[in-house]
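Asker: Take a look at the following structure, please.
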Amino acid sequence: MTLSSTARRTLAVLTAAVLVLIYLPLLVVVLNSVNPNQSMTWPIEGVTFEWWRRAADSAGVREALATSLQVAAIATGIALVLGTLLALALQRYSFFGKHSVNLLVILPIALPGVVTGIALNNGFRGILGIDLSLWTIVIAHATFCIVTVFNNVQARLRRMGTSLEEASADLGAGVFTTFRLVTLPQLRSALLAGGMLAFALSFDEIIVTTFTAGGGANTLPIWILNNMFRPNQAPVVNVVAVVLILFSIVPVWLAQRLSSDVEAAR
Amino acid sequence: MSTTSSVPDAHEGARNDQAPAPAPRGPVARPGSRLLHRWVWLRLSLLLSAPLAWMVLIYVVALAALLITSLWSVDSLSSEIDRTWTLDNFRTLIENEVYRNVTVRTVGVALAVTVIDVAIALPIAFYMAKVASPRARRMLVVAVLTPLWASYLVKVFSWRVVLSEGGLAEWSGLGSPGYGLTAVVITQAYIWLPYVILPIFAALERVPDSLLEAAGDLGAPTSMVVRSIVMPLLVPGIVAGAIFSFSLTLGDYITVNIVGGANQMLGNLVFVNAGAANNLPLAAAIAMIPIVVMLVLLTAIRRTGALENI
């Protein structure tokens, strides 16, 4: 197909316009973090670091951040173990009900967020009769994080084949030794990618979290949601948002490094 | 891998070979390991038991309990859950027009978001996959992917700021629609756009250039190439992206809280009934609506055969 140069140019302009539209709101948030006007009117008249100072001093932000990190770390740990086990089972064996298991793993993120949220809320409170707490958030997050680890590990297992593992077994290594010395090292970057995705997913999750968070446990997204509507807290929320935007560059950078490592190794 | 410990006669052939293992084994093979090596089903059940127990005991049971709870009711005096079977909740959903209106509104918003996202994603993905140079392509993928990692709430918040009174939208002269359903559609379309671009881009990348060149050489005009070569190969990608954006919008109620003014979506009704109104059975019944909508949608799409290639 030969595209006319007009068509090419139109497509390029469209793409550029959408990219601008994608980044513009984020840029506005970044600039507003130094906006002296509390109601963040545009354009900005002057520069202040008052909001940054207030955010740094805020105990609420610090506590919420600690809770979020804790939840994300534990949920990611659980997801790494369960997701890897599941990927090994589904990729290396065939058994009755395999497709159902596959579907079951995807379900928590395929179903709309409110459904997963209310199902777990009802399960914890209505059926089991336990109070919502930090641990109910962890359980909920781990449940929908398994799929990211599972996907990454399964894709890696498929590509890696079984010849090295078979060679190891033929040379007399036991099941565990083969896993530790042959399978695991090959899975390392897949585990890192899956774990990073799971961590980010948990760190950012708000819908299921609102249904499973106990009174005392506020994750950072919940803190943001609660403070966004308070006029004198909104600029602090804005600063937290900027920090989160800056943080979100880290995984992208890491992923790029990882994939270029893979390409270099080929 | 310790090659020094390998014993030549430890060779055992295929992995589900259940013949007795030769007696002298390397020091690495402990009894437990030997047992596992021999019994495939044992290995499989050890691998499967923990994750399957987690998913079934927590998630499947919760979903089943949700269905059952939706058939219960709440005693209006004691506000305890009354565990006798009743279809009252569903009768309420059908008869009370609030629920009908909110369902129509939610599905409408989800549809609008999906249509807008696919319309924007198609030309972008096409440019990325087929026009841009390989170097530019890689940079574009990163540029589209990066906002995916930015916090969901940050993105909603940024639109709240842009559309606010005296915000950027007003200042730019375009005018702000204010907080309402239009703002919800804009914000949701913004948030889920990368989820729609990526599968369409992936599908386009798989369309071989040679096919397009051959069609061009044989004299097919661009419109014909798009219609009879690109589109059929593209449908699975579009369907995948559309399912993402539709399902994600259907289950969202945070955005409408933040930029939707007084409007409510299904999620709000679920949340209010599960929390403040303390009516878990009704909340469970309302949650069945998005499940049914998704099931109907997926069945309809499956009929067309588009799900096979996702």
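For all residues, glycine too, the Cβ spot is worked out from N, Cα and C.
TrEMBL entries are annotated by machine, without manual review.
As listed in TrEMBL for this protein:
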{"type": "REGION", "residues": "B:1-29", "note": "region 'Disordered'"}
{"type": "TRANSMEM", "residues": "B:40-68", "note": "transmembrane segment"}
{"type": "DOMAIN", "residues": "B:103-301", "note": "domain 'ABC transmembrane type-1'"}
{"type": "TRANSMEM", "residues": "B:107-127", "note": "transmembrane segment"}
{"type": "TRANSMEM", "residues": "B:139-159", "note": "transmembrane segment"}
{"type": "TRANSMEM", "residues": "B:179-204", "note": "transmembrane segment"}
{"type": "TRANSMEM", "residues": "B:225-246", "note": "transmembrane segment"}
{"type": "TRANSMEM", "residues": "B:280-301", "note": "transmembrane segment"}
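Just tell me what is around each of these and how deep it sits.
Answerer: Sequence-distant contacts of the transmembrane segment (B:225-246) (same chain, at least 6 residues past either end, Cβ-Cβ under 8 Å): 110-111, 113-114, 117-118, 121-122, 125-126, 188-189, 192, 195-204, 206-207, 211-212, 215-216, 297-298, 301, 306-310.
Taking Cβ pairs closer than 8 Å, the transmembrane segment (B:280-301) reaches residues 66-67, 69-74, 81, 89-90, 92-93, 99, 103, 106-107, 239, 243, 246-247, 250-251, 266, 269-271, 273-274, 307 in its own chain, all 6 or more past its ends.
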Asker: Restricting to the same chain and to residues at least six past its boundaries, which positions have a Cβ under 8 Å from a Cβ of the transmembrane segment (B:139-159)?
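Answerer: For the transmembrane segment (B:139-159), the sequence-distant neighbours (Cβ-Cβ under 8 Å, at least 6 residues beyond its ends) are 124, 127-128, 132, 183, 186-187, 190-191, 194-195, 197-198, 201, 254-255, 258-259.
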Asker: Determine which residues of the chain contact the transmembrane segment (B:107-127) at the Cβ level, with the cut-off under 8 Å and only residues 6 or more beyond its ends counted.
Answerer: 140, 144, 181, 184-185, 188-189, 192-193, 196-197, 200-201, 204, 230, 237-238, 241-242, 245-247, 249-250, 265, 293
Asker: What same-chain residues lie close to the transmembrane segment (B:179-204): Cβ under 8 Å, and 6 or more beyond its ends?
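Answerer: Those are 105, 109, 112-114, 116-118, 120-122, 124-126, 128-130, 141, 144-145, 147-148, 152, 155-156, 159-160, 163, 230, 233-234, 236-238, 240-242, 244-245, 248-249, 252, 255-256, 258-261, 263, 265, 310, in sequence order.
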